[in-house]
Amino acid sequence: MAMQLPQPSMFKKLFMLMSLCVSLLGTTTEGQQYNMTGSSEFAVLGKDFTWTCEMFVPPRETTNGVRFLRNNASCAQVGHVDGTCFYGILNTRYTYGCSSPFSYTLTIPAENMTEYEQGSMWMCEYFYDSGFRSLVVTLHLAVDVHNVSLIPSDNPLTLAEGFQKMVRCEVNSNAVPAPTITWYIINMVESYVSSIIIAMNRKYNNKTLECKATNNNKPSKTGATTLNVEYPPSVIPLTQKDAIEGQYFLIICRATPGNPITTMFWWIKVNDPVFRQNGSILELPSIQRNMSGTYKCIAENTYSSGWKGTDSQEMVVNVLYKPVIKGKVRTFVNETNRVVLTREIDSNPLSNISWYDGTELLKTQTFAEITNLTVENASCTDTKNFTLSVSNAVQRNVESMVELIVNCKPKAENDEITIAITSATRRISMSTTVMAYPEPRYILKYENGTKNQMMTVHLQKNAINNFTVHCEQQFAQEIDSVTYILELSNVLGVSTVFIRILKQVDVHNVSLIPSDNPLTLAEGFQKMVRCEVNSNAVPAPTITWYLGSSDITNMVESYVSSIIITVNREYNNKTLACMAINNNKISKTGATTLNVEYPPSVISLTQKDAIEGQYFLIICRATPGNPITTMFWWIKVNDPVFRQNGSILELPSIQRNMSGTYKCIAENTYISGWKGTDSQEMVVNVLYKPVIRGNTRTFVNETNRVVLTREIDSNPLSNISWYDGTELLMTQTFAEITNLTVENASCTDTKNFTLSVSNAVQRNVESMVELIINCKPKADDDEITIAITSATRRISMSTTVMAYPEPRYILKYENGTKNQMMTVHLQKNAINNFTVHCEQQFAQEIDSVTYILELSNVLGVSTVFIRILKQVDVHNVSLIPSDNPMTLAEGVYYMVRCVVNSNAVPAPTITWYMGSTDITNMAGSNASSIIITVNREHNNRMLECKATNNNKPSKTGATTLNVEYPPSVIPLTQKETKEGQDFLISCRATPGNPITTMFWWIKVNDPVFKQNGSTLQLPYIQRHNSGTYKCIAENTYSNGWKGTDSQEMVVNVLYIQTTSNTRNQTWEVVGSVAGVLIVLTLAIVLSCFVHRHFTLICNIGFQRRSNDVKTADLIEEKSHYTAMSEQETENERNPYDVLTPTESSNQYEAIQMKESQKTDANTYECLSKPENIPPCDNTTKDSNKPGILKKTVASSSNTEEYINTSFVN
């Protein structure tokens, strides 16, 4: 409780006494400072503000108290004597208090917090010595943000794309504290800057740039502008265009409009400064190859500043044209020389080229401009016309003849011509073909060189280099054998042909050399066989060779009388024959049977897998050769020692070193003594179980990185798993080496890892991999507190220590001397885990004391403080903040601290509860405080902190939570109403906390519309009132924050519109009915004329259409058309008043409104008393007037029709 300051006389004496003490103290402590702080950084008009002075009692002083000064004028003296707060008040504008003997407060009440306090300077000092004082602090009043604008202030703000613009956010200059400024544009947010530089981009066009400023936790104020970003059009990309030469070429350039949208186009040609075509169309009539190139379409708009925005796209125009072959028609070359025939191909696209010799394809090229055909070592036979065929996409098979002429000396088809004659021969003729260029000269001579005048010779030209020489001679009598010489020559040389005229001799003897039968040959070897014919056979015989029934004469090269054959096993037992014939006589034959010797064929072997230690056996088999006797043996590749005879490879108890490639060899022996061999290789793969190799134990210093490596010897390769106990750390598949890496090793990493290895031979081969970390001692507890009572005579404690090597220990007093009273011993639990046990007996009660347990090894020292303290129970538990109830806002994070009497020994265990739920896990590592975020479900729940020690009942600090949350607006559904009615709807909400709720309505996309209150009222609603309305409910929290919720509701105003289409349809119906009536009238008149004995008088009445009726008067009975009476335009009456009370239903017709049609008719029109006119065949006759058709009136059905405006644009 507070008390008044002592009486002045008493106070004066006390002051004099204190002054004397101060004078004795001197000035050694002058200028020491107290701490003066405000309850907030800024004071707020109309709200409490408190100054707190934290002081200390100067030396040689005993009184606790301070003086508060405002602008150097004393306001009050406040002190603390014997647990009681006293004060002397000089300024009653403020209130004063004692928080503690060393903390005092001065509060400016809310009613006195005015502009008067702005800039006032405050301090506190010891009331007996002003030398002990606080710094002077100034009180600043908070001023809310109330005006926010943008500079430049243009709205919209027009900017060109790609340019940067600085926009400044102007806030009322007296705002205190400095406001927090946030910028918004699309999804971009920039905070805490009064200006922003934005690089304009078309995505910002028509977007709102907002600057929001706030301070003092008040709703933010906004300055905004709409961005009008001017940007160029975007030309739609153009792809390469191919055009065929001579055709009409046209392409249209299109662009996505920019801003402004007005766009101008033109075309240019890259690297052609003259070419330009205005407009979006590029037009090239009868396009030519020189028009190929890159064309650019340019689109341009003009910004409001006069600048131009341009964009362009390039397009390659590729003019395609058919191939043209260029080059010499004829090429000459001397024989034996090399010649290259070259042609250029001008075409687009490039052509595919083919060279032909007649129909034989010689060479092809693809996409070529130049083509070459090379003839090496040209000969007379190369004189010919080659065909060059060229094709591309425009035209196929453009052909050109490429003529090659080889200059060559004459070469006759036969160097020697033999003519066989009999005794009766009187005339001979012969011819031979000669190749030569230029054309050869010829002369026929006798062997002695004289010219032969008896034989007629002439030359026939067959081709440019091909000739036939014809010779003919008549004989008067029988002649003997004679030889003529035909000499052929040109500028390149001379050649001769011997013409031998001989007496005819038949073939009569044919044999083969060698003459063996059978003829034995080894497979794969060559052998020459000669066909011997009687040497006097004239003319030379024709020889043909046969192998079995096959003619193999084509295997003979230059001399048909001998053949070189390479035999294989397929020729075995076949007949080789030589047949010779001349003079059209029966042929004679020499023949032999072939005996082909060949080796055996070993049957293929596949890889064999064998498990180490098992019995391995494999048999090698072979298809017999010729001779069939076969010998087998096995060797091992790359092992010159290994050999096993026989077809069986046998490896008892096979071992891993026997893996490898084995070869089975089969052999037979030929007659000649040569050997025929064949072999097949086989891989033997010995499988064996895994063997783990590597150091058993690995040492590493703590904090270092260690890699545990093991080699796995296995076949097949193994799958590997590393385990820490049962925890799988890592796996590898098909590995030979495995590594486990431990980063930043610590003492706790000392353990045995398990390495488990499996393959197809054996699973789960395991090895322990021990890792030992060299680490300094580290105890579980850096500090151990033992609580004792007055009756305690024995204490014991223990702590676990991790270290390697084993630690040394010593127990000391705080002064460093060794403690001999407490027994200490070390127990080894594991290689790096120890327990230190300490025990002491006391003869009598002891006071609090601290021992130091020092643990060390070669890697370092650590200490454990053992504090023996008198036991103090938890007796006081409170919460900070201490408010009860504690008011919190929904969704906001708050820290609550649990304060326990500071002398509690041992440290208490703290548990937190929300209602009956334990929420201690939310407190993290420091259980003395907890951060909570509440929602409305937590309202009125109890938040408790329970603390206990010494196995005593827990003490509790508790508060009730008062959770403030916004009201919840009840959802609203779409409402439909009719134009002209009074529209009223109420918004309801589930109250929040506080329950006082304020409502208002706004209209979405209408910044002007606002109605306060929970009821939305729209008297005489019109169609433009359609739209989305939002009901907002708000309450105010105790701290001034606002809690809001809202719901949207669509209002759809229905109305009727009469359109010209309806009128047109009405007249169409009237016209149709009138037409039907006219046809019926003509039919009736014609019937009366034909049947004169019947008299039928038809009165057909046409009702005159009222000028007030807008729809059809005459309607078919079952049609859906109704006569609609148009209402007068009376704005003051309710459009629903004319509806008849017998109305049973409403009909709504959706009609799309056209803006161009305007009428003065009421939106809703009553359709009253529709009349149905029956067709002629359903009419009734008046009973009193025969022959007169009577009009029947349909029963009245009062109907309404309305238009649904929700679909009207």
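Heads up, the Cβ atoms here are built off N, Cα and C, so glycines get one too.
Quantities reported herein were computed from a predicted structural model and do not represent experimental measurements.
Residues or ranges marked as domain 'Ig-like' by TrEMBL: 152-228, 233-318, 514-595, 600-685, 881-962, 967-1052. Marked as signal peptide by TrEMBL: 1-31. Per TrEMBL, the feature transmembrane segment maps to 1069-1090.
Taken as a whole, the domain 'Ig-like' (152-228) shows an average pLDDT of 86 in this prediction. Looking at which of 514-595, 600-685, 881-962, 967-1052 has the most CB pairs under 8 Å to the domain 'Ig-like' (152-228), the answer is the stretch 967-1052. Counting residue by residue with DSSP, the domain 'Ig-like' (152-228) contains 3 helix, 43 strand, 31 coil. Mapped onto DSSP classes, the domain 'Ig-like' (881-962) shows 7 helix, 41 strand, 34 coil.
When DSSP labels each residue, the domain 'Ig-like' (514-595) comes out as 6 helix, 41 strand, 35 coil, counted as helix, strand and coil in that order. Using DSSP to sort the residues of the domain 'Ig-like' (967-1052) gives these counts of helix, strand and coil: 3 helix, 51 strand, 32 coil. When the domain 'Ig-like' (600-685) is classified with DSSP, helix, strand and coil residues number 3 helix, 51 strand, 32 coil.
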